[in-house]
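Feature annotations, reproduced from TrEMBL:
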type	residues	note
SIGNAL	1-21	signal peptide
DISULFID	Cys69-Cys120	disulfide bond
DISULFID	Cys73-Cys125	disulfide bond
DISULFID	Cys84-Cys110	disulfide bond
Amino acid sequence: MNVMLLIRLMTVMTFATVCRTQNSGTQLRKDNRVSKYPLHIYQMYRDQILKKPSRPMGEWSEWSPWSPCSRSCGGGITQQTRHCINSSSDIRITKRQRRRRQSGRSMVGCVGLYKRVRLCNDKDCPSQTDFRYEQCAAFNTKTFRGAIHQWEPFLKVKDECALNCRAVGMNFFATLNKTVIDGTSCLYPVTHTGKAAPRGTRGVCVGGYCKVG
């Protein structure tokens with residue numbers, strides 16, 4: 001099968017369209033949804049359209065050692081990371097460059113995960129205090145809008161992996177931290193495919209997202 005035809009078939013769902021520039025050059029304009037599809041396939045398609053030689057993909061480094069557990073009991077998170085090495089110059093791909101690549105603005109990088117996590121220290125804690133409650137209570141001695149408040153968890157919001165706390169006796173809540181500590185329990189986890197997990201599935205917050213625990 002013709003290579004160009006094969007690439008076109010593989011990228012039909014990338015919603016990429018070709019337009020002509022005023023100087024008769026060829027330019028690719030891609031739909032925002034292109035980031036949902038494999039970027040290395042999209043890159044091959046683009047290079048064929050622009051008649052550019054294919055760029056070599058980067059290579060992953062070895063996985064780092066597992067990090068210390070985020071909690072000493074009650075279920076925490078430990079993680080490993082690895083970095084992407086540009087195969088042509090042996091330069092690490094920075095976190096910012098990785099975000100640009102994932103959003104479709106750059107085609108240099110590696111295919112696969114750069115971080116993986118697992119649960120650790122999942123035995124019950126001697127104290128029965130809720131871990132999220134402890135995180136809210138840590139702000140009890142801090143001034144908020146000119147006053148001191150006692151804080152308790154507030155979960156009636158969509159972003160349950162942010163530290164949302166309600167001032168006790170008041171009719172408002174505040175986001176006191178962008179994320180809770182990794183390993184904090186959550187109610188509505190999603191699977192690795194992005195779909196909601198079955199009801200009753202254990203969820204833990206990892207990096208600000210509720211994932212299956």
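Every residue, even glycine, has its Cβ placed from backbone N, Cα and C.
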Review point. Once the DSSP letters are reduced so that anything not helix or strand counts as coil, what is Cys84 (disulfide bond)?
Key: strand
Review point. Given Cys73 (disulfide bond) and Cys120 (disulfide bond), what distance in Å do their CA atoms have, once rounded to a whole number?
Key: 8
Review point. Around Cys120 (disulfide bond), how many other CB atoms lie within 10 A of its CB?
Key: 18
Review point. Nearest to Cys125 (disulfide bond) by Cα distance: which of the disulfide-bonded residues Cys69, Cys84, Cys110 is it?
Key: Cys69
